[in-house]
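Q: From TrEMBL, here are the annotated features:
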| type | residues | note |
| --- | --- | --- |
| COMPBIAS | 217-228 | compositional bias 'Acidic residues' |
| DOMAIN | 162-185 | domain 'Siroheme synthase central' |
| DOMAIN | 245-283 | domain 'Siroheme biosynthesis protein Met8 C-terminal' |
| DOMAIN | 315-532 | domain 'Tetrapyrrole methylase' |
| REGION | 217-252 | region 'Disordered' |
Amino acid sequence: MLEYPSPSQGASLILAFRPRKILIIGSGPLAASRAFSALEAESEVHILAPGGLEDACDELKWRASQCQITLSNWTALIPSASTSAADPDEIAGLEKFLDDTPGISLACITDTAVRPHRRSRESCERVYRTLKARNIQVNSTDVPELCDFTFTSTHRVAESALQIGVTTNGQGCRLSSRLRRDIVSKLPPTTAAAVRNVGQLRALAKREGLKACDDLDEDGHDEIEEDSAVSTPNRPVPTRSATETETESTRRRMKWVAQVSEYWPLSKLASLTPDDMTALLEGRVPETPLTQSLMSLALPPTPAHNLPNSKRGRIFLVGSGPGHPSLLTQATHTVLTRLADLVLSDKLVPDAVLALIPKSVEIRIAKKFPGNAEGAQMEMMEAAIEAANRGLTVVRLKQGDPVVYGRAGEEVLYFRAHGLEPLVIPGVSSALAAPTFANIPVTQRGAAESFTVCTGVGRRGKEITLPAYERARTLVILMGVARLPQVVDALVAPDAGARRQGAAYPGHTPVAIIERASMPDQRVVTSTLRDVVRALESSGEQRPPGMIVVGWSVLCLYGKGDTGVLEEGAEKGDEGRVERANFQQNLIGPFSHTLFHRGPGGQRNGIASPCPPEP
């Protein structure tokens, strides 16, 4: 039975919480800061402090005058009028306040760290116990043992619902603030507009289908809750039908929202207009120009690849490589930054590559979502012909290499039939690059004498015939992660019929799922064919694009290495070979953020390594 990863202690359960009514004890600057955060969460804020309004800081006095908060004098509530912070009569005053103010769910004790009315430890304990007796969750500043919750270092993006919180779980408060500032400084300028537009898009998608929400299955809730974390964003989006029910219409719209949230650049999301949103939810994806930033790069003085300088009436089919912009070929970089008038990009080309394109160049993103691939392909080819006929230089930008499952051949023939001969510029194929970044050589003396690249899905979603098992061969499967259970079954089933050409793969054959190769958030999930489906499910939502690598080359560079796989009789020790590897070595490529999984008795380990240098 598969053993799932053991929880690592010391983390916090981070929630996006909006308490209806909150109590803040104290009236200094920290209390004012807590009050402001609570007001932004639309909470009813009550301040309770000795001295009341007279001793409050200026901000709290102003907010009380604006009727934003209710500020109560704790001293006036104490029966004996005692001002001693440790006096039991103070608790009687607190009890009276709580009786008169029902419904408080959170309390923040802020006067334990500041003078002149600094609360003693004994008084804080009394207050804490009183609040807990009423099932109120408490945060006591600088007294962690009297805290039921803590606050993250938070930033609210201006004019946006986006909040970013960082916590070190008590290991370094100043450091968490610094990390938060660093994260915020790296947000694109279009972030706020993108969040706002996606929120409007979600609201529009649900507006006409609220009654149908109760009937939605799991797929329909992909975008209804922020933490739904569906296992794959690649479920097919059905085309709009005149006979669709209200539930089907709501499901289709929510899937469209999930697709554009996952794949579209932030700059394109930020540029959506109300008309674009309406068209999008009807299945007509708008093709508006993107606002992109031009990265400051030293361009070569002359074009590479002997490319012509003409900017009129040409079509280039280019590959963007596996993802990171530093892996673009010099020829592709020149075409994108110097020659292009119109860029027709596949959806998986990352923002970092699109950001190289000058602002003056129009960019359109392909509509190739599951269920719409054929129609979207034809639209992009027609758009290229139309633009080229107007004398524009068109760049058809694909991920990886354009001829490795990039449909470049179809486009060459289509353009040629319309009197245009495109120039195809190769790119670094993910079929070779991704395994390298995961420290998996597709060929290795003593482990893999050859490799085969195939797709995991046929035309219009049909199953394909996968290669038979050969011990000395590495199998690289592109576009198969979203259909992993079907792919694995085709490989290991004793009688797979037309789904496999010959011998079945042993269940203990090593396999790696490589996602977003070369990017900062690259992830590698390593297991065996027997356990990989459950391993991937346990690692959270998928991160397209992904690929599958099957074979003994997956293990050959772990630890001290294992290059005896092809020796005579070596297959007798395969189970032990997998057990010894233990899938937890930290020898990974220089780009990786990797998770390792294995089957029974296995462990999980992850490390992050630096991204590659900029070109």
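For all residues, glycine too, the Cβ spot is worked out from N, Cα and C.
Whatever TrEMBL says is automated annotation, not expert-curated.
Fair warning: this is a prediction, and the values are worked out from it, not measured in the lab.
For each listed feature, how buried is it and what is near it?
A: The helix, strand and coil residue counts that DSSP assigns across the domain 'Siroheme synthase central' (162-185) are 13 helix, 4 strand, 7 coil.
If you take every residue in the domain 'Siroheme biosynthesis protein Met8 C-terminal' (245-283) and average the pLDDT, you get 82.
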Q: When you scan the chain for residues with a C-beta under 8 Å from the domain 'Siroheme synthase central' (162-185), skipping those not six or more beyond its ends, what do you find?
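A: Here the qualifying positions are 10-12, 14, 16, 144, 150, 152-156, 191-192, 195.
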Q: When the domain 'Siroheme biosynthesis protein Met8 C-terminal' (245-283) is classified with DSSP, how many of its residues are helical, how many are strand and how many are coil?
A: 31 helix, 0 strand, 8 coil
